[in-house]
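Straight from TrEMBL, the features:
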TRANSMEM  12-30  transmembrane segment
TRANSMEM  60-80  transmembrane segment
TRANSMEM  92-117  transmembrane segment
TRANSMEM  276-294  transmembrane segment
TRANSMEM  301-319  transmembrane segment
TRANSMEM  331-354  transmembrane segment
Amino acid sequence: MRIIPRYVLRHFLPVFMLALFTFTSLYLIVDFFENMEQFIEKRVPAADTIAYFLNKTPSVAAQGIPMAALLGALITLGLLKRNRELIALEAAGVKTVTYVTPIVAAAFFIAAVHLVLGETVSRSMNQVSTKIWNEQVQRRKGHFSWGVENVWYHGQNVIYQVRFYDKRTQTLEKVSLFFLDPSFRLVQRLDARRFRWDGARWQAEQGLFLKFSESGTEQETFDQRAFTLQETPADFSGLETIPEELDWLDLYRYAEKIRQEGYNSLPYIIELHLRVAFPLSAIVLAILGIIIALRQSMHGGIALGVGIGLLVGSSYFVVQQLGCALAGAGALPPVVGVWAANVIFLAAAVYLWISNPSGG
């Protein structure tokens, strides 16, 4: 590695890490004071409380990576500019692209690491913190487990296998229920095309009901039959969320399966795009940080540049959230809604670079 790129990276990486550490710490501190009362009220063991915050840390840090990349680029070049080091480099005939390329390259590396760790370490650790929150704080009786084909819900002495849940109509599609005795032995099974809540009970449609005993198996087919169970639509609210435990490829397969069967796969398609678009935003924001720093006058001050950077970064996330919301409402195609922020802000950065590459 040549001297100049190494010198620039020696400034950029510590600033990036400090910005990321600051963001993560502030987020966890706020989260701690907001939720600590609930942990105390539910008498959650100290070990589980610590485990909750430790396992949540990677996912929180991942959210701060793009903004940290922006601030890292902006502050690094701001410091070099304030110390007149950039002027010295340019006087020596060093082109602007020479000392900004290491930052862009570092941003690409950071985005790649973000993408990989987000699908591995961060996701698995976040599942642990979510499980602690649901079981220890919320005290939910059942829990979900996702597969590529179906979703499993473990309720009170019954396991639900569900293909799709429609919150609007409070309907479970393609359902199998496995009723267990205290020794976890299968005693009954119910298969139904549809499981609909009528306000008091579940109405099963077009199904088969099996009873298992030592003397044999009894079976009954029906067009519609009412069942009174412990679980209500409120217990299936988790089916509305994106399955965190599925990696990108498995989520893609699940979304395709849902789409091919005629169900609404839009939330899953949006999530698929977002899992790629968000890590790549570190590159976009790092480039924006470079542009802002280079266009700042030497007497403008680093604080002013940071303020502008925070405003730009916040605007980026507002546009991204707006795009996702419009895509979720069906007003925009998922690829347009999710990627709009990256395209718009990258186009703005390219325009600013072309119009004044050296910052004047």
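Glycine residues also receive a Cβ, built from the backbone N, Cα and C atoms like all the rest.
No curator has checked TrEMBL annotations; they are predicted automatically.
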What else in the chain is close to the transmembrane segment (12-30), if you only count residues 6 or more beyond its ends and a Cβ gap under 8 Å?
53, 56-57, 60-61, 63-65, 67-69, 71-73, 75-76, 102-103, 106, 110
Stretch among 92-117, 276-294, 301-319, 331-354 sharing the most Cβ pairs under 8 Å with the transmembrane segment (60-80):
276-294
With Cβ-Cβ distances below 8 Å as the criterion, list the same-chain residues six or more beyond the ends of the transmembrane segment (301-319) that contact it, or say none.
66-67, 70-71, 74-75, 78-79, 82, 281, 284-285, 288-289, 292-293, 340-341, 344-345
Checking distant contacts: for the transmembrane segment (276-294), what same-chain residues at least six beyond its ends satisfy Cβ-Cβ under 8 A?
65-67, 69-78, 81, 96, 100, 103-104, 106-108, 110-112, 114-115, 118, 248, 305, 308-309, 312-313, 316, 320, 338-339, 341-342, 345-346, 348-349, 352-353, 356-359
